[in-house]
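Novice: Structure in structure tokens, see below.
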Amino acid sequence: MKYLVFDSKQEASKEAYKILKSLIIENSTLGLATGGSPTGLYAEIIADHKAGNFSYKNVRSYNLDEYVGISYDHPESYHKFMETNLFDHIDIEKENTHVPDASAEDLEDALKSYQEALNDANIDVQLLGVGSNGHIGFNEPGTSFDTGVHIVDLKQETIEANSRFFNNDINLVPKQAVTMGIKDIMKAKHIILLAFGKAKQDAIRSLVADEEITENIPCTILKNHPSVYVIVDKEADFK
Ligand code: F6R
């Protein structure tokens, strides 16, 4: 595991992009995350693409998760997030992008299809944020490390943290999500985890400094992965 600390999210995101670019080629497959953590990295991707330095024409992507209970085109759906923050600004083909369909009429069937797609995906680089409780994707504490794509009940702390995207009203935050499982995440060739702000300090300590690997702090499983970059700002640093 490589652990890198920077003064700011901006500096960390620049370095994350350098690392990402060193790990991918023109037809790589990316695992993508939403939320606040990857937005600086997405800005770097867009800037470098617009400068003519990298084309996503043959890149495929698979997102970690999507809320259940809000529509596909809700402004805070993760489909919409990806369009607004990345896909609309690069030359990736829409049909090569995949976000779980959590508003499907037959949700079980949608989960099965996403699992099948992931089984064939061979993700080269998986981007991750981390919850203050250590969740990765929306695999909340207590999730078996052996889980694939599933529906999850979001923990209260996750609902509260994400209320900042929903007018700070926890009643507007979806209570469930579809997520890749830990098993799916661990299959990626390389993982880049980003964490910014003091609220992430405990999760980062558990991941980087503590010995224990426990389903109660899902990110700790990453200690078993052969190629992980943990990139944080100084507020999230545990030292
Ligand atoms: C998002 C995801 C979540 C977030 C985590 C941190 O696709 O899977 O695990 O990465 O909740 O969220 P932010 O980055 O908003 O602090």
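Cβ from N, Cα, C; glycine included.
So TrEMBL lists these for the protein:
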- 27-224: domain 'Glucosamine/galactosamine-6-phosphate isomerase' (DOMAIN)
- D65: active site, proton acceptor (ACT_SITE)
- N133: active site, for ring-opening step (ACT_SITE)
- H135: active site, proton acceptor (ACT_SITE)
- E140: active site, for ring-opening step (ACT_SITE)
Novice: How many other Cβ atoms are found within 10 Å of the Cβ atom of E140 (active site, for ring-opening step), counting all protein chains shown?
Specialist: 21
Novice: Could you list, ordered by sequence, which of these active-site residues: D65, N133, E140, have a Cβ under 6 Å from ligand 1?
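Specialist: Checked active-site residues vs ligand 1; flagged D65.
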Novice: Given the active-site residues D65, N133, H135, which one is most crowded in terms of C-beta atoms within 10 angstroms?
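Specialist: Answer returned by the neighbour count: H135.
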Novice: Under DSSP, is D65 (active site, proton acceptor) helix, strand or coil?
Specialist: strand
